[in-house]
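Q: TrEMBL feature annotations, pasted as is:
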REGION    A:1-21  region 'Disordered'
COMPBIAS  A:1-17  compositional bias 'Basic and acidic residues'
DOMAIN    A:26-121  domain 'Pyrroline-5-carboxylate reductase catalytic N-terminal'
DOMAIN    A:187-291  domain 'Pyrroline-5-carboxylate reductase dimerisation'
Amino acid sequence: MKGRGRQIDKRRGKEGEATSSDRMSVGFIGAGQLAHALVKGFTAAGVIATHRITASSPDTDLPTVSGLRKMGVNLTTSNKETVSKSDVLFLAVKPHIIPFVLDEIGPDIEDRHLIVSCAAGVTISSIEKKLLQYRSAPKVMRCMTNTPVVVKEGATVYATGTHAEVEDGKLLEQLMASVGFCTEVEEDLIDAVTGLSGSGPAYAFTALDALADGGVKMGLPRRLAVRLGAQALLGAAKMLLESEQHPGQLKDNVCSPGGATIHALHVLESGGFRSLLINAVEASCIRTRELQFLADQERISPAAIKKTTLDKVLQQPGVTVSGVANGNGKSGLSLFNTRNPGIKKKN
Amino acid sequence: MPSTVRCFCRAVDKLVGRQVHFVIFRYFSRMSVGFIGAGQVAYALVRGFTAAGVIAAHRITASSPDTDLPTVQGLRKLGVNFTTSNKEAVSRCDVLFLAVKPHIIPFVLDEIGSDIEDRHLIVSCAAGVTISSIEKKLQQYRAAPKVMRCMTNTPVVVREGATVYATGTHAEVEDGKLLEQLMASVGYCIEVEEDQIDAVTGLSGSGPAYAFTAVDALADGGVKMGLPRRLAVRLGAQALLGAARMLLDSEQHPGQLKDNVCSPGGATIHALHVMESGGFRSLLINAVEASCVRTRELQFLADQEKISPAAIKKTTLDKVLQQPGVTAEAVGVRSHGISIFNTNNPRTKKN
């Protein structure tokens, strides 16, 4: 597996071998949790300098915006400015916003741009379809990562689009491997990965809260209970990652005959502990596929965007909006750039 | 341990963190560590200590009458001195870990009690065995036995263990610091009141088993939704590791961190709902409680000074009796237990 890639890449960088990441600029459309976590991770890993990072969002009230500013990232309210200042462009907005953003920045994409979508459920083909209206060969990739990138222990998978080349994949992999595990997968696995490692940290935080409650119930002070629970989980995960053994074998090794641990495991099994976790992965994956279905529709309901946000976007130079209703009775918003009034969206 | 070295260690302790303990472990180069028992706990600790470089393998001795244990081979390969004689392990060490199952502890204490010297620091790793029960036994041989009790867990093997310890009546502060430095080289280590150790057993002692079960189930979920098994296990373990690391590095409440991952109407909050519907949190509280309660039961059993003959294999007992200096009152084994006493102290008959 490719978890070791991160260390190898660091060594290469230290030897002074020229990597394109030295002169590369990275942009984030969106300045929320995901952009913040990735920027924190990248800067902690030293893989790119903050002044080479730009992030944009029309909403400057997000708590993450001030965090990004403090790290020295260039912040702007103009998505088009981010595009012009970057080579690798992460789309770090919510899935239903993606079509909106693509319409806005489509005409500004150049040959050098590598578009990396981090949006759950948004397919490469849907992005390529939109961008093909502006460029003949847009380089698109899709990734699914998770918030522990912020402590450089993320889990990332990516899939490569039609016009992206092998080197683009390697570039993305180098970036993401600096903040955790990263591997390429077939695109149709990404929804399952979302259910497992995308949502996984939330399962862990919930478990840790409950384990600490158990410790407190049995007499431990809260801080110690949280600390011990997190440490136990971390240690076990690390053992598993560094071992060739099956998780069941490692579990067996901890269960001495008639001991405390096997008693505890029995109550877990009695309550269907394993089944709950399978259900969780499944539920997250299914919801991801639902979001994909919604995102595949080219129209977004006006109800999905705040009027104030829309106004801020429209204030940016070069952007106008037309409201259209098609024969199916669906109404929605479409953005097009004033330089290309001819490219009206088909219904 | 020389007082100048002790002072130096205390000063350095105040200045530096865990990683630099390696540097000040020069005095460890003259310390020897012994393990009574050569099973999972001994093996994990030895692997961790040697990986941390805190003590050389040749200064470690481990003993067990049973040479068939898979961990025995592993210990040998690490360069540890292995012996079938517990008394030999005692004679060759300064810090003595009791790494046997709880019900074996009284048995072992009777066997080695007379060999304990002033220099020895006895550290029991046995779940549920109280310091007072150990001191009570050893006081038949020495006036002031230095005893400590710790609860650790298997991730010490990758130097991410969780250890707590409590200090006995005759152990000094420096002994606690010594143990803490040893255990801190393989993970988190903190002193606690002894009456919290059973709860710690339920939480971080057994915790890795909960995690292994969880990763197995998460991987099943990933496989159900189409992922290959190896990738699913890798992603599941990585997600847990990353989340735990985030929590340890953050001042925020786990609930706040959970909130940050749940975007409105998103995949994650849907998943959390099904977990809550199934009482996920309650199962984990139950698990910690069950492990803690069982630990207290084991303590009750261990507090009894006799062990049932049914609890020891005849072949194991024979091997122990073959060791020089050990005899058993073989004739008329008492119906409620076996007692071993050393031929040097026929006066110290156990009842």
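Every residue, even glycine, has its Cβ placed from backbone N, Cα and C.
The shown structure was predicted, so the numbers you read here are calculated from the model rather than taken from an experiment.
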Q: To what whole number does the mean pLDDT across the domain 'Pyrroline-5-carboxylate reductase dimerisation' (A:187-291) round?
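A: Averaged over the domain 'Pyrroline-5-carboxylate reductase dimerisation' (A:187-291), per-residue pLDDT gives 97.
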Q: Please work out the helix, strand and coil residue numbers for the domain 'Pyrroline-5-carboxylate reductase catalytic N-terminal' (A:26-121) from the DSSP assignment.
A: 44 helix, 19 strand, 33 coil
Q: What does DSSP give as the helix, strand and coil breakdown of the domain 'Pyrroline-5-carboxylate reductase dimerisation' (A:187-291)?
A: 88 helix, 0 strand, 17 coil
